[in-house]
Structures are given as C-alpha cells and as structure tokens.
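One structure below.
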Amino acid sequence: ESLHCSIGLLGISAGSLLLAVHFYELTRAAPLIPSTALGVLLLILSSILAYAGIRRSLRNASLFLSLCLTISVFWCGYGVVFILGGQGVLNDTGDFRNALVPGLVTFTLALLIIAVVGFLCREVILAMIASAVSLASAHEVAMHYSTAFGSSAVACNYMIVCLVGGYFALGRILYFLTKEKITLPGADLAKKKTHDQIKSTSGSVNHFAVTALVLNMLSAGVFGCRLLGVTGKLFIGQVPWLWAAGIYQIGICILSYRAMDVLMATFFGFTSILKFAGGYCLLYPIWQSEEPSFHTPFLVVFSILFVVLALFLTLKSPVDGLYLLFYVAYCIALACSPKGFFEGGPQGVDVSIFVASALMTLIHLYNANASATIPTGKGAVRALLARSSFLKLREGADLHAPYLGYSKYADAEVLGYACSVLASFAITMTGDPQAPLATVVIPWVVVAGGILKFLGGSVAFARGKTLESSAFILYAVMWIIWGLTRYGGLYGTTRSFHAAVGIIAFMLFNVFIVFCTLFLNIAWFFYSLTFLLIAISFLLDAVHALPAGYDIAASLIFGLVSFYCFLSALFNSIFEGSYLPMGRPIVQLSGVGGGTTKCLHLPARKASSVKRIADILKNGGTCGIPTDTVYVLVAACNRPDAVEKAHHSKRQAQDRPMSLWISSLKQLEPAKHLFTPLLWDFMEAAWPSPISLVVPRGEWVDFLGMKDSAKYVGTPQSIAIRIPDCSVTTHLIDLVGPIVVTSANPTGEADTTHHNQVYAKLGNKVDAVLCDGPSPENIASTVVDCTKIDSGNIGFFRVGIIPKSQVLQILEQVQKK
C-alpha cells in the first residue's frame with residue numbers, strides 16, 4: 001500500500017541531495033557533479049516521480065499526486081537546461097539565467113500553493129517538502145540576480161527536504177519492523193488512506209487538473225517573464241520548459257480521459273498544442289535569422305473551438321468556463337500579431353494566464369483535499385437547465401458507457417474531430433518552397449492532426465470503436481507525413497513519384513474506410529469522404545497538377561464537416577437526445593454492425609447489471625455471460641421458449657448437447673433422494689469448480705420446469721450439470737434459478753474468450769451480454785462421466801482445465817469417506 005508513496009518521497013529526497021551537493025560545490029572550479037550528469041540524473045528521477053505519482057493517484061492521494069508530478073515536470077525541464085549548459089549550448093553571458101529563471105519563478109509559486117494547502121489539510125510532511133523546494137527555487141532566482149545571495153542558502157533548503165525524507169523513511173522502517181506498533185507522526189499512511197477514501201465518495205474528481213494548471217503557468221511564465229523584463233530574451237534555452245510542459249500535458253490529457261473528464265481532457269489537449277508551437281518558434285532562429293509568422297485563419301478557428309469548449313465547460317463549473325476565455329483572448333492576440341509569441345500583445349495575455357492559472361491551481365487543489373470548498377458555481381448552470389424542458393443533461397453511472405462492455409477511458413472523439421478542424425485549416429496556408437518554415441504550420445499539423453489524433457484513435461480502440469480508431473490513426477499518420485514533408489523543408493520544387501505512390505496507398509486504405517462508414521452513420525461517411533478529397537489534393541500536388549484553389553476548397557470542406565462532428569460529439573456527450581445527430585447508417589445490416597445494436601452490453605462489475613441480465617432471462621431472453629472458464633450462452637430453465645431459442649441460435653449438434661448449471665446443491669435438495677449417496681457426495685466435493693459431471697437422467701429433471709424443452713438439454717440417458725466457480729455467475733443463478741448453458745459460439749467454432757466476441761459470433765440471436773473483458777482461462781471445463789460411479793468407475797468426455805488426476809483424487813477421497 002505504501003510502496004508508491006515511499007518511492008515518490010524518497011525520490012524527491014534523492015534529487016534534493018544531488019542538488020544540495022551541486023550548490024554546495026558551485027564555487028569550485030571543477031564541480032563534483034558535471035552539469036550533463038546532473039541533468040541526466042534529474043531526468044531519471046523525474047520519470048520515477050511521475051510513475052509514483054500516477055500510480056498513487058489510483059488511491060485518490062491528490063496532494064501527493066500534485067507534489068510528485070509538479071516536481072517531476074520541474075526536474076525534467078531543469079535537467080534538460082543543465083544538459084544544454086553542459087554541452088556548451090548556453091554560452092553567452094546571462095543565457096543560463098535566462099533559461100532557468102522562468103521555470104524557477106513558476107515552480108516557486110506552484111510549490112508554495114501546494115505547501116499552503118498541505119499545511120491547511122494537515123499533510124505536514126508533504127507541505128514541508130513543497131515549501132523547502134519552493135524556498136530553494138526562490139533563493140536560486142535571487143542568486144542569479146544578486147551576488148549577495150550565495151548558493152549555500154539553496155543547498156540548505158534542499159538539505160531540509162533530505163532530512164524530511166529521512167524522517168519519513170525511518171518512520172516506515174519502524175512501522176514494518178515493529179509490526180505497526182511504533183508509528184512516527186506523519187508517516188502513518190493508513191490514516192491518509194482513510195481520509196482519501198472518505199473524500200473519494202463525494203464524487204468523481206479529476207485530480208490531474210492541478211498539475212495541468214501548473215503546466216499552463218509554466219508556459220505562460222516563459223513569455224510573461226520576457227514582457228516584464230525578468231529575462232532578457234526568448235531563445236532555445238527556454239524550449240525545455242515549454243516542451244516538457246507540452247509532453248506532460250499530453251500525458252495529463254490521457255489520464256483525464258481515464259478520470260472520465262472529457263471536457264478538461266480536450267482543453268488540456270488544446271493547450272499542449274500551444275506549448276509545442278511556442279517551443280517551435282523559439283527553435284526557429286537556429287536556422288533562420290528572422291522570426292516566424294503566424295497563419296491568422298487557423299488561430300481564429302482555434303479561438304472558436306475554445307469558445308465552444310468554454311460554453312460546455314460552464315455547465316460543469318462556471319469558473320472553469322471563465323478560465324478558458326483567457327485562452328480565447330490568447331488565440332485572438334496571436335491572430336492579431338504577425339510575429340505571434342514574440343510580440344507584446346500575446347505576452348500580456350500570458351501574464352494574465354499565469355495569474356489566473358495560479359488562482360485556479362489553488363482552488364482545485366484546496367477543493368480536492370480540504371473538507372470545506374471554495375465556491376466555483378459548480379452545479380449552478382446545471383440547476384438552471386434542470387428546469388428546462390428543451391435541454392436535459394446526461395447524468396448517471398452510464399454517462400461514459402462504451403459501445404461494447406467496459407472501458408477505463410472516456411470517449412476522446414471530441415478531441416479527434418477538433419484536431420481534424422485545426423489541421424485542415426492549418427494547411428490552407430500555401431507553403432513557400434524556398435522558405436517552407438517561415439510560417440508556423442508544422443506544430444498545428446503534426447501535433448494537432450498527428451499526435452493528438454493518434455491519441456484519440458487509441459482511446460477509441462480501447463472503447464471498442466474499431467472502425468473509428470482505425471480512421472483516426474490512419475489520418476494521424478497522413479497528417480504527420482504530409483505536414484513534415486510539405487512544411488518541413490523535405491519537399492522541394494521537384495515532385496517525387498515515390499510520394500505519389502505513397503499517397504495512393506493511403507487513398508486505397510481510406511476508400512475501404514469510406515465503404516465501411518456506409519454501415520456506421522451519415523456523418524462519418526461524409527467525414528471520411530471529404531478526407532479523401534484532401535488526399536486527392538495531396539496526390540495532385542505530388543504530381544504537380546494541382547488546380548489553383550482546389551486544396552484550399554477541399555481543406556475547408558473537410559474542416560466544416562469535422563466541426564459539425566465536433567459539435568455533435570459535444571452535444572451527445574453532455575445532453576440527452578440527438579440535437580445534432582450523427583445520422584443513421586446509409587446501409588443497414590440485419591446482423592453484426594450497422595452502427596447500432598439492440599443487444600445490451602452491461603459491465604459485470606456492477607450488481608445492477610447482473611440484475612438486468614436476470615430480468616432478461618426471467619422474461620425469456622438469452623444472454624452471454626462470463627464464467628470461471630470461457631463465455632457461455634444461457635437461458636432460464638423455467639422458460640422453455642428461451643431454452644428452445646438458445647438451442648436454435650446455436651445450431652446445436654446432437655453430439656454437443658446443452659448442459660445445466662446451478663448455484664448450490666440446495667437447488668436440487670427436493671430431488672436428493674433420486675441421486676445415489678456416492679454421486680451426491682462426489683458433487684458436493686467437486687463443486688464449485690470448472691468440472692461438469694454427466695449424471696443419469698431421471699425424474700429430478702421435472703423439478704426444474706423445463707417441460708417440453710427438456711429434450712434439448714443433455715441426451716435421453718444423461719445430463720451434464722455444474723456449479724461454476726465464479727461469483728458473478730452464481731449470483732445470477734441465485735436470482736434466476738437453474739440455467740441451461742451452451743458455449744457462446746456456433747457449433748464447431750473456437751470457444752469465446754472475450755465479451756466482444758459473443759455478439760460478433762451470435763449477432764442478434766443474443767439479447768444481452770454481461771461484459772467482463774478477457775476470460776480468466778482459454779480452456780473449457782473438464783467433463784466427467786458419472787453414469788457408472790456407483791460401480792467405482794468414472795470416465796472423461798473431455799479433459800479441460802482440471803486434470804484427470806485431480807478429479808480421480810477427489811473421487812478417492814469421497815470413497816474413503
């Protein structure tokens with residue numbers, strides 16, 4: 001339980017020890033730890049801290065998560081700056097100061113906020129660590145601007161962190177050695193766990209939002225420091241802060257999808273694009289003397305997306321919605337400034353974003369950890385909409401239910417469509433072959449159209465949307481390749497035959513996707529079809545036959561279709577009903593596919609899902625359910641119509657009869673006198689387990705109420721019966737009564753080992769599927785012939801997961817008894 005917490009705190013102590021040594025030895029001509037080595041070690045420790053924080057977040061330790069991830073980002077950027085200094089990149093006077101100060105200023109304030117909340121919430125150890133690192137950063141800033149401040153003060157603060165970490169380590173060692181009898185104050189994680197569990201019951205909270213807000217402070221701090229004169233220039237030394245923030249922001253975006261927070265995840269994806277673009281602009285002067293220019297239409301579209309997202313986020317929290325308006329102003333300021341990040345207008349908005357992000361960090365962190373909360377207007381707009389008969393918000397446990405079964409991630413299609421909008425409007429800028437990098441296009445196309453779209457495709461795949469994920473991933477690859485080729489200087493005035501062949505290959509893949517979307521919905525059909533128009537423009541450009549204006553027209557059409565899909569996905573994820581429908585399938589299939597299905601897919605982890613499956617079985621339905629082996633198709637014994645339906649849906653062969661399952665021998669208690677004592681004792685000893693016992697058919701079958709459908713179960717002489725070793729299955733049988741079971745696949749095919757395969761194999765012949773992911777075993781049960789058990793002999797129709805020797809051992813023990 002304490003492993004990841006211990007790793008995180010001791011990792012912070014180890015990094016602090018390195019920095020303490022570095023600053024104590026700073027005055028020496030030859031430092032004890034070279035800058036490059038120190039940078040590499042800090043990068044290693046930052047990855048360890050990120051791992052510890054993310055793993056610990058599964059237990060809702062919000063303050064610990066925020067501390068670990070914040071220091072992880074700090075040391076990631078810090079380490080790269082040290083590496084650049086060690087490799088001689090930061091040679092000019094003041095370069096090292098200009099590179100370090102924006103990050104130091106940001107993390108001084110961010111860690112101070114974490115320390116204040118830690119003290120208020122009585123998390124003393126975490127608060128002391130955060131305050132010590134914050135003071136160390138503040139002293140380091142002062143050291144760079146005044147020689148009166150020596151490096152020893154910085155080292156002393158880092159030594160405080162080491163002492164606190166040593167105290168924590170001693171507390172954990174005593175805790176384990178004395179078997180929990182001695183516990184030092186602050187080192188008892190059990191109390192923290194209890195507090196976190198109580199806090200987690202208050203509702204779903206995105207604990208990663210705090211770190212993302214700190215990352216927004218970091219990127220804004222880089223440009224804001226230049227406007228305020230804290231730094232002398234913008235240059236390559238500040239790129240590590242921006243790109244570290246961008247990389248971590250993409251990670252936070254993924255983790256926010258896992259926290260089921262679609263709107264904030266989309267927002268974090270948007271801000272990561274701006275961070276990568278800022279870093280790209282600071283790198284540009286390396287190969288060109290002048291500063292890059294910005295594409296105005298793209299930034300206007302970006303501001304519109306921020307406005308739409310802010311409106312929807314206001315429904316969740318008005319304060320969060322107002323915060324997004326700062327980014328609307330930022331995009332407008334960039335659109336009005338030909339040199340973008342280098343001009344005073346956007347830098348002024350950066351200062352306001354820095355202040356707003358600091359306030360939002362304090363609010364989110366305090367509300368996630370303290371018993372009291374700072375009012376954010378959460379639920380105010382929701383309460384107003386509750387009175388409306390036109391708009392009704394989607395709520396409840398199934399808000400993020402995936403297309404098939406259970407997924408750990410919320411739907412990322414909103415971000416995928418938004419990235420299509422951004423990439424399509426970005427390529428409306430005609431690149432100059434002589435100066436392909438002079439306009440900022442690559443970050444918009446590669447990061448938005450490529451990396452984030454690939455992320456959306458991966459999440460869609462995790463949610464069972466195979467076609468949508470394939471399209472997103474294919475388009476992401478196309479955007480990355482074309483963006484780097486056309487706008488990265490790899491594509492000159494001469495056109496290449498090989499480029500044309502590659503584009504044709506992509507077009508063939510996309511034609512297949514267009515065909516498949518005929519069975520999905522109208523919106524996706526036009527989405528894939530209009531991307532084909534863009535691919536055609538790429539092909540015509542490759543063979544130097546592009547008509548004037550065709551590529552811009554194709555990009556605009558695709559961008560508008562993507563924008564409609566973006567709005568539709570947002571509306572459908574927030575509101576009930578189809579205000580902006582994606583449309584019905586153009587070609588409707590009667591079996592698998594067609595975009596929609598009447599077959600319910602319910603997560604097995606919920607008791608309410610098991611109850612719904614039980615109701616379906618009681619009403620004469622057939623369902624696919626998980627077991628202790630593979631998935632099976634079941635029907636209630638007391639519903640002869642359902643038993644007959646299950647038999648016909650399987651095209652059951654005569655040599656593979658259906659079997660009978662019960663949850664307890666008490667269900668056969670009224671007919672106990674019809675079983676021999678040895679057989680009854682053997683059943684009692686063998687179950688619950690993946691062992692099916694074939695017993696003689698008799699009058700006991702009539703107790704189950706199968707009536708005429710009993711002929712479909714077993715053979716005229718015998719019936720296979722079993723109690724499964726699966727709590728979900730036995731609970732279902734408790735609710736329904738004895739069930740008739742057969743494998744969830746057509747006769748002669750392989751066993752079904754995942755809930756997605758049940759509907760894929762049986763189609764509309766199954767009414768519902770209880771989803772539990774992959775089967776625990778890929779081998780079916782062992783089938784034992786007990787028709788002659790009274791003579792001391794048993795046979796084996798099939799040796800499955802339980803070996804023959806184990807079954808014989810059980811029989812021997814029963815016979816001895």
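Cβ atoms here come from the backbone N, Cα and C positions, even for glycine.
As annotated by TrEMBL, transmembrane segment applies to 7-24 (among others).
Residues 5, 8, 12, 15, 35-36, 38-43, 45-47, 49-50, 52-54, 56-57, 90, 96, 99-100, 103, 107, 110-111, 114, 117-118, 121, 123, 126, 129-130, 133, 137, 207-208, 210-211, 214-215, 218, 236-237, 240-241, 244-245, 248, 365, 368-369 of the same chain lie 6+ residues outside the transmembrane segment (63-84) yet bring a C-beta within less than 8 angstroms of a C-beta in it. Summarising the annotation, TrEMBL assigns transmembrane segment to 63-84 (among others).
Positions annotated as transmembrane segment by TrEMBL: 96-117 (among others).
When Cβ-Cβ distances below 8 Å are used as the criterion, the transmembrane segment (124-142) is approached by residues 9, 12, 16, 19, 23, 63-64, 67, 71, 74, 100-101, 104-105, 107-112, 114-118, 149, 153-154, 157-158, 160-161, 164-165, 167-168, 185-187 of the same chain, each at least six residues removed from its ends. According to TrEMBL, the feature transmembrane segment maps to 124-142 (among others).
Residues 6, 9-10, 12-14, 16-17, 19-24, 26-27, 125, 128-129, 132-133, 135-136, 139-140, 142, 184, 186-187 of the same chain lie 6 or more positions beyond the ends of the transmembrane segment (148-170) yet place their CB under 8 Å from a CB of it. Residues annotated as transmembrane segment in TrEMBL: 148-170 (among others).
Long-range neighbours of the transmembrane segment (208-229) within the same chain, counting only residues 6 or more positions beyond its ends whose Cβ lies under 8 Å from a Cβ of the stretch, are 57, 62, 65-66, 69-70, 73, 77, 101-103, 105-107, 109-110, 238, 241-242, 244-246, 248-249, 252, 255-256, 259, 261, 264, 268, 271, 274-275, 278, 341, 344, 346-348, 350-351, 353-354, 357-358, 360-361, 364-365, 368. Taken from TrEMBL, the feature transmembrane segment applies to 208-229 (among others).
Marked as transmembrane segment by TrEMBL: 241-260 (among others).
Residues or ranges marked as transmembrane segment by TrEMBL: 293-315 (among others).
Per TrEMBL, transmembrane segment is recorded for 322-342 (among others).
As annotated by TrEMBL, transmembrane segment applies to 437-455 (among others).
Residues or ranges marked as transmembrane segment by TrEMBL: 525-546 (among others).
Packing against the transmembrane segment (552-575) from elsewhere in the chain are residues 262, 301, 305, 308-309, 312, 315, 391-394, 411, 413-414, 417-418, 420-421, 424-425, 427-428, 430, 523-524, 526-527, 530-531, 533-534, 536-537, 581-582: each is 6 or more residues past its ends and has a CB under 8 Å from a CB in it. Taken from TrEMBL, the feature transmembrane segment applies to 552-575 (among others).
The feature domain 'YrdC-like' is assigned by TrEMBL to 607-802.
Outside the transmembrane segment (241-260), and at least 6 residues removed from its termini, the chain residues within Cβ reach (under 8 Å) are 50, 54, 57, 69, 72-73, 76-77, 80-81, 102-103, 106, 204-209, 211-212, 215-216, 218-219, 221-222, 266, 268-269, 271-272, 275-276, 278-279, 282, 399-400, 408-410, 412, 415, 447, 451-452, 455, 459. Note on the transmembrane segment (7-24): residues 31-33, 38, 41-42, 45, 48-49, 51-53, 56, 64, 67-68, 71, 75, 125, 129, 132-133, 136, 140, 151-152, 154-156, 158-159, 161-162, 164-166, 168-169 of its chain, located 6 or more positions outside it, place their CB under 8 angstroms from a CB of the stretch. Here the domain 'YrdC-like' (607-802) has a mean pLDDT of 85 out of 100.
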